[in-house]
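These notes concern the structure reproduced below.
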Amino acid sequence: MSMLKPSGLKAPTKILKPGSTALKTPAAAAAPLEKTVPSEKASGPPSSETQEEFVDDFRVGERVWVNGNKPGFIQFLGETQFAPGQWAGIVLDEPIGKNDGSVAGVRYFQCEPLKGIFTRPSKLTRKVQAEDEANGLQTAHARAASPLSTAAATMVSSSPATPSNIPQKPSQPVAKETSATPQISNLTKTASESISNLSEAGSVKKGERELKIGDRVLVGGTKAGVVRFLGETDFAKGEWCGVELDEPLGKNDGAVAGTRYFQCQPKYGLFAPVHKVTKIGFPSTTPAKAKAAAVRRVMATTPASLKRSPSASSLSSMSSVASSVSSKPSRTGLLTETSSRYARKISGTTALQEALKEKQQHIEQLLAERDLERAEVAKATSHVGEIEQELALARDGHDQHVLELEAKMDQLRTMVEAADREKVELLNQLEEEKRKVEDLQFRVEEESITKGDLETQTKLEHARIKELEQSLLFEKTKADKLQRELEDTRVATVSEKSRIMELEKDLALRVQEVAELRRRLESSKPPGDVDMSLSLLQEISALQEKLEVTHTDHQNEVTSLKDHFGTREEMFQKEIKALHAATEKLSKENESLRSKLDHANKENSDVIALWKSKLETAIASHQQAMEELKVSFSKGIGTDSAEFAELKTQIERLRLDYQHEIESLQSKQDSERSAHAKEMESMKAKLMKIIKEKEDSLEAVKARLDTAEDQHLVEMEEMLSKLQEAEIKKEKFASASEEAVSTQTSMQDTVNKLHQKEEQFNMLSSELEKLRENLTDMEAKFKEKDEREDQLVKAKEKLENDIAEIMKMSGDNSSQLTKMNDELRLKERSVEELQLKLTKANENASLLQKSIGEVTLKAEQSQQEAAKKHEEEKKELENKLLELEKKMETSHYQCQDLKAKYEKASSETKIKHEEILQNFQKMLVDTEDKLKAAQEANRDLMQDMEELKSQADKAKAAQTAEDAMQIMEQMTKEKTETLASLEDTKQTNAKLQSELDTLKENNLKTVEELNKSKELLNEENQKMEEFKKEIETLKQAAAQKSQQLSALQEENVKLAEELGRTRDEVTSHQKLEEERSVLNNQLLEMKKSLPSNTLRESEYRKDADEEKASLQKSISLTSALLTEKDAELEKLRNEVTVLRGENASAKSLHSVVQTLESDKVKLELKVKNLELQLKENKRQLSSSSGNTDVQTEEDERAQESQQMIDFLNSVIVDLQRKNQDLKMKVEMMSEAALNGNGEDPNSYDSDDQEKQSKKKPRLFCDICDCFDLHDTEDCPTQAQMSEDPPHSTHHGSRSEERPYCEICEMFGHWATNCNDDETF
């Protein structure tokens, strides 16, 4: 039992077995032959029944057969732990199982040891299968009959057939032979497996080719799913099948090692080799009927079947009989000859007499031939009887010899069967080992796939770690910057605090000075200086007020600074905390990822080591098994060869004995033949006498037949003329149908042409769509340019406003004016550079427009040409349609005429047939009346006879005996005449009835022909209707094509309008640029006439800086656009060069393809020759003697040829793959050339160009060496802090007065709102 492995994978396909040499047995009895044929016939139906029963639901307790030969009861149904999928546990009748209901420590049911077995439900059947399926060959339904199997068939079928006349011997040897036949069939099956497996592999390959995307399949026999991918992959060589499973039992989501082959949910995708995948509802092999038929053919064509004929003499006699039968002239030929002669000579009595003479001659010839045939048949029958008696005697001796030989053969068979069983068991073990190795290889492949997935995951994780490290570095740089800023702010706060302290000290000193001054004033105050003191007091109060205001302002500024610094410090601290947390998280993630990586690497290494050890153990066990098998094979071959030699010597002796016996029998047969020939001559003489007597009676019948035949011939000639007319009409009808077929083919051609035109239209429409897309891209670019122009216009307006304000507020500073002039010159240079770049961009745009115009012109021309061609073809089609319609009408009228004529002819034939029948019926009635009259006359005569007898009795006394005798003789003569007339009438009646039967048959034939012609007419009518429908569909298609043409023309017009608009936009763009140059000139003139102004310098500088920034932005935008356009141009040039190279390579590839195809043909011829050699070698093997040296040499030759065939097949497969790849490349190149119309090299592969132009390039930083985060220009590591502080831009209105505190000396609040409460 071949159980599935725990991986749930399907067991590998059958491996080729070494062919065992078949025995040649002597002729056996006929009974085994009769039994082998039904067994072969019976091998067909069970295969289909089992295929149906795979789907059936089995039940627990149901009686089944495992593999068709192990009976038992189902005890368990369901899933198991040792392997996935549904399993059936069976309790067998005999202890030939594997377990007692438990596997790997888990019990599923209870039974006796070695009676339990687990198998798939598909291996169970409800009926006993044939012996070849029971031996484990139920998978090979479609194996061809190999030479070895033919040799086995000759062994079985070589017994001579017993004729039915001879009594057979007792049935003991027959029983022995019946028991021996299945053993021989087993031998032949084991021998033929090596060749039948080749055909099985071929059938599997066919099944693989029939796999398509979307098919329902089984992977490993258990995992069901849908095919989503078919082809070669990057992770492994060969053809792979990607399957989306119904359940999450897979390995991936359609992607392996970073490359995606199809899309599905995780754990639902699985990749497997094509030979491991089976299509649901598609049998991999053909049914077993082919094998049975092949065996029957071989049995029919074997040379042993020729030996069944008892002797060569019987064959010669049979050939003589066949020759005599073939030499007999036909009745129909004679009738035709006589009819032709009578047709020529109907008029006159002389013609009738000549015809009578000719008929008499014909009858004499026929009678002579009949005599010869009868003599030959009599000879043959007597000869056959004698030969059969001799054969019976020979068979008695032969049966004794056969019984002795069969006893010896039985002993040899038992020995051979034992050896074969051991071989079969060893081969099964070998197959199981090979299956295990294949399973291990498949698992290794799966592990390699999973390893590839793990490697991709590790690569992704490494990339993520790198990105995280880069982000860490970025965050660290940010943190450093923030710390530096904090330190700077702290230094600034310290300096400001020291300044505040100094100001406070100054205040204190000033207050002291004021107090001292007051004291001095009070002390030095004279009485007359009151006014001075008052003024001084007023000044002091004013100074004090100023001091208080300045103090309050200063306090406000200090508080605001403190608040600002506090908030800044809090912000910085928060940012630092967040950065620390992020760095901690990143470090933790990094550590976890590294641990995962280490763990995955360890697991991978463990798994690889495990599989390596398993593989090594499996290979070692496999090698041991192979060595043991080789040893056992060498021993078995030695013993078998000795036995075969002994058998051959015995068989040759028996053959010599048989030859002597046959020679003696032939000499006896020759002597008996001469005696038989003499007897036959005497018999012929007697027959001649009898024939002469019967000729007299035949002449009377001939006269009556002639008249009837003349009438019949006339009627037949009339019927023949009518039939000829009908045949002529049929021929006309057939010619009409042929014309219809030719029109249909022409219609199909036109339809094909239409399809081609549709494809051309589709190509043109795709090109138009591409042009539209290019136009939309150009429009988008033009829109961007318009937006930039709008920005420039706005900037120009701002500059004009600023210039107007500067003109109003101009001052006297000449130095500042010179500076401004210098800056303006610099700006002018930059503007000139921008203008140069713009001119270049405009030139590029004009070039693009020209290329677009050329493309559109080409498209329009091609469209117009296609439209013209389409219209011409349309006209041709319409003309053809009109002609077809005319032909159809004429054929329709001809059909109607033929129908009418046919109906008339049929009615006439019916009427004539009825008339002939009536005449014959009248004739029959007349003959019956005549018969009755003759019978009545006979009765009267009998009565007269009786009366005469009575009169004779009475007259005996009166008259003499002589008178009575005369009367009696007269009466007997009359009686014989009446009897002869009765027989004549009976014969004529029988002839008339036979003629009636022939007429009825002819009538039936004519009726059948009528029906056939009617059916033909109906079929022709149906074809005519189909033609009409096709014509209508073609008309509709033509209308659709014309609509499509008109739509395409409209779209072309629209495209032309859009081109015109784009050209108008370009001209407007050029006008705007001219206006800009004019405005720049005006600016220069305005700058020359600018007066100096000192107050507004700072504002002017700010405005100039703003202008600078906006101009720099516009310059950067234009430069980016220019670089993009340059890159696009370079790409286009590169693509053109690549396409030219590909075109050259395509030509070289085409030549390579041709050479490869020629090599392939040569290799295929070599393969065929080698296969023929293999077949011849195998035939020689099967028919050769038991010499071990010759056998070993032939085996080595067969193996070498097989290896050569395998090698050549692999070479052919590789060549086919290369050929397909090259063809694909050539097709791609030809499609690219077709898309470009073969004129413009830039137009090749426009689809790829569009895709490339549409695809945005991924962001990549050359500094950080990472994708998708940022560009090198936007990298934060290369961003530097500006040395000069930025200009303050308040964007307030110039008329408004900003609030200023004199105490704090800061903007933002007034002195009245300043806080005086703050302490310093």
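Even glycines carry a Cβ here, placed using N, Cα and C.
Fair warning: this is a prediction, and the values are worked out from it, not measured in the lab.
Here Swiss-Prot flags 156-171 (among others) as compositional bias 'Polar residues'.
Swiss-Prot lists 1180-1190 (among others) with the feature compositional bias 'Polar residues'.
Per Swiss-Prot, domain 'CAP-Gly 1' is recorded for 78-120, and the stated evidence type is sequence analysis.
For Ser48 (among others), the entry in Swiss-Prot reads phosphoserine, with the evidence type similarity to another entry.
Residues or ranges marked as phosphothreonine in Swiss-Prot (evidence: similarity to another entry): Thr50 (among others).
Under the heading phosphoserine, Swiss-Prot lists Ser146 (among others).
Residues or ranges marked as phosphothreonine in Swiss-Prot (evidence: similarity to another entry): Thr181 (among others).
Under the heading phosphoserine, Swiss-Prot lists Ser194 (among others).
Annotation comment: Swiss-Prot describes Ser196 (among others) as phosphoserine, evidence class similarity to another entry.
Residues annotated as phosphoserine in Swiss-Prot, with a large-scale study or a structure entry given as evidence: Ser203 (among others).
Positions annotated as phosphoserine by Swiss-Prot, on the basis of experimental evidence: Ser309 (among others).
Here Swiss-Prot flags Ser314 (among others) as phosphoserine, drawing on experimental evidence.
The annotation phosphoserine is assigned in Swiss-Prot to Ser347 (among others).
Feature annotation from Swiss-Prot assigns phosphoserine to Ser1116 (among others); the stated evidence is a large-scale study or a structure entry. Sequence-distant neighbours of Ser1116 (phosphoserine): no residue of the same chain at least 6 apart has a C-beta under 8 Å from its C-beta.
Residues annotated as phosphoserine in Swiss-Prot: Ser1246 (among others).
Positions annotated as region 'Disordered' by Swiss-Prot: 1-53 (among others).
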Overall pLDDT of the zinc finger (1299-1316), taken as the mean: 77
Per-state residue totals over the domain 'CAP-Gly 1' (78-120) - DSSP helix, strand, coil: 0 helix, 18 strand, 25 coil
DSSP residue counts for the zinc finger (1299-1316), split into helix, strand and coil: 3 helix, 4 strand, 11 coil
For Ser1116 (phosphoserine): DSSP state (helix, strand, coil): helix
